[in-house]
């Protein structure tokens, strides 16, 4: 089995080229490949396969590192688009590919940045709480095709870097019955924020694309805006999120393919 390792602002992925659509990306396979000690190591695994719905497109088949399927992964989509171009499946420029339950439009530039359109960002109610080390952090529910809880740290809260995210933050299952990605935000100015994230199915990661979109929408709303661009600094780098008049987010930032290889069959045999 061949693979490619890539990352978008250090949110890292194993890509499995499957041009004939013969590989089944099971939960067990995703867990095995994602293991940072006995596997390759990644926040998630992406199968690159022909789309069953559109013969002229490719499908991004994605699972988190714990094997669970995810509705969408913004940084994974950018790395996926970079792979399609670098592997010769798509010319550079703007093109469409499929994801679970929908499609995405990506633009791969010559400067190394990749932009990808996300879902409409829907702001939910204020009030849901994330609990870290026994301390409550009140936030806002946001949907970007997957669920998020965005909490903006106040002057009485710990510094962003001091939050202990070694253990998963707790939250109300009645607010998020399918789990939730939780973002913690420190505001720099109206147009720039810092973020850490605890991802559903992956733990704390160096970045989360849909999480940055959720954070950007909340920051725009906090400053009395519906549209605009917010720069989001994450532990793995910097991305830029633009929200348009329709509420759709576009995520732009670097996407890097690091290396490729062949997996020892003995690893899969267990």
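For all residues, glycine too, the Cβ spot is worked out from N, Cα and C.
Per TrEMBL, the features are:
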type	residues	note
ACT_SITE	73	active site, proton donor
ACT_SITE	73	active site
ACT_SITE	208	active site, proton acceptor
BINDING	11, 64, 74, 75, 146, 181, 199, 200, 209, 210	substrate binding site
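Features as recorded by TrEMBL, highlighted on the structure.
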{"residue": "11", "record": "substrate binding site", "Cβ within 10 Å": "32"}
{"residue": "73", "record": "active site, proton donor", "Cβ within 10 Å": "28"}
{"residue": "74", "record": "substrate binding site", "Cβ within 10 Å": "30"}
{"residue": "146", "record": "substrate binding site", "Cβ within 10 Å": "23"}
{"residue": "199", "record": "substrate binding site", "Cβ within 10 Å": "28"}
{"residue": "208", "record": "active site, proton acceptor", "Cβ within 10 Å": "36"}
{"residue": "209", "record": "substrate binding site", "Cβ within 10 Å": "29"}
Output field, substrate shell: CB within 8 Å of site CB centroid, site 11, 64, 74, 75, 146, 181, 199, 200, 209, 210 dropped: 70, 72, 73, 76, 197, 202, 205, 208, 211
Secondary-structure category, per DSSP, in which residue 208 (active site, proton acceptor) falls: coil
Taking residues 11, 64, 74, 75, 146, 181, 199, 200, 209, 210, which bind substrate in the record, the widest Cα spacing (Å, whole number): 17
Cα distance (Å, whole number) from residue 73 (active site, proton donor) to residue 11 (substrate binding site): 10
Residue 146 (substrate binding site): secondary structure state under DSSP, collapsed to three categories: coil
Rounded inter-Cα distance in Å - residue 208 (active site, proton acceptor), residue 199 (substrate binding site): 8
Pairwise CA distance, residue 199 (substrate binding site) versus residue 73 (active site, proton donor), rounded so that it is a whole Å: 10
Inter-residue C-alpha distance, residue 209 (substrate binding site) and the residue listed as 'active site, proton donor' (nearest angstrom): 6
